[in-house]
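Below: the structure, in structure tokens.
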Amino acid sequence: MASSASSVFAAFDKDGDGKVSASELRGCMAAALGEEVSEEEAAAILATADTDGDGLLDHHEFMRLSAAHQLQEPAEESLRCLREAFDMYAEEEETAVITPASLRRMLRRLGSEHQRLEMEECRAMICRFDLNGDGVLSFDEFRVMMLMA
């Protein structure tokens, strides 16, 4: 996890000076969000985590900002995205479960490496997160699976 966080910091720190400027923050946020972030917005975001007041984020400040952002991500939005992903795999909206057959069907649609996936392999994938042993994944079981991924 720490190496992943360090990679994110390195990606934001374009000039490699060990600090993230408002300009670097702005550029990476625009790339990640797909929309422009103003210099003022980037500076305001940076200021919330700039504990030493130098106008830059060091690694520690950046990690704190990143953690705070993750905690503030609206639970409703996260839940909505999970529901959309679940619904792509679920058999029918009435039953709202992922069966081995619906998992196989969706994985085959996603790409050629899954074209030869056998039903038994799909059962095994579901079994790992099937908390109540009914052979299918409910939305709650899917949420647990995604949290562990």
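Cβ atoms here come from the backbone N, Cα and C positions, even for glycine.
Per Swiss-Prot, the feature domain 'EF-hand 1' maps to 1-35.
Cβ neighbours of Asp15 (Ca(2+) 1 binding site) (same chain, under 8 Å, six or more residues apart in sequence): Glu24. In the three-state DSSP scheme, Asp15 (Ca(2+) 1 binding site) falls into the coil class. Marked as Ca(2+) 1 binding site by Swiss-Prot on the basis of sequence analysis: Asp13, Asp15, Asp17, Lys19, Glu24.
Sequence-distant contacts of the domain 'EF-hand 2' (37-72) (same chain, six or more residues past either end, CB-CB distance under 8 Å): 5-6, 8-9, 12, 18-23, 25-26, 29-30. Annotated domain 'EF-hand 2' per Swiss-Prot: 37-72, in sequence order, evidence recorded as sequence analysis.
There are 19 other Cβ atoms within 10 Å of the Cβ belonging to Asp50 (Ca(2+) 2 binding site). A coil conformation is recorded for Asp50 (Ca(2+) 2 binding site) in the three-state DSSP classification, outside any helix or strand. What Swiss-Prot lists as Ca(2+) 2 binding site is Asp50, Asp52, Asp54, Glu61, and the listing cites sequence analysis.
Feature annotation from Swiss-Prot assigns domain 'EF-hand 3' to 77-113. Across the range of the domain 'EF-hand 3' (77-113), the DSSP-based residue counts are 26 helix, 1 strand, 10 coil.
Look at Swiss-Prot and you will find 117-149 tagged as domain 'EF-hand 4', backed by sequence analysis. Counted with DSSP, the domain 'EF-hand 4' (117-149) comes out as 19 helix, 1 strand, 13 coil.
For Asp130, Asn132, Asp134, Glu141, the entry in Swiss-Prot reads Ca(2+) 3 binding site. For Asp130 (Ca(2+) 3 binding site), the same-chain residues that are 6 or more apart in sequence and have a Cβ closer than 8 Å to its Cβ are Val136, Leu137, Glu141.
Recorded residues Glu61 (Ca(2+) 2 binding site) and Asp134 (Ca(2+) 3 binding site) have their alpha carbons 46 Å apart, per Cα-Cα distance. The Cβ centroid of Asp50, Asp52, Asp54, Glu61 marks the Ca(2+) 2 site; residues of that chain outside this set whose Cβ lies within 8 Å of it are Ala49, Thr51, Gly53, Gly55, Leu56, Leu57, Asp58, given in sequence order. It is 17 Å from the Cα atom of Asp52 (Ca(2+) 2 binding site) to that of Asp17 (Ca(2+) 1 binding site).
Residue counts for the domain 'EF-hand 2' (37-72) under DSSP, split into helix (H, G, I), strand (E, B) and coil, are 25 helix, 1 strand, 10 coil.
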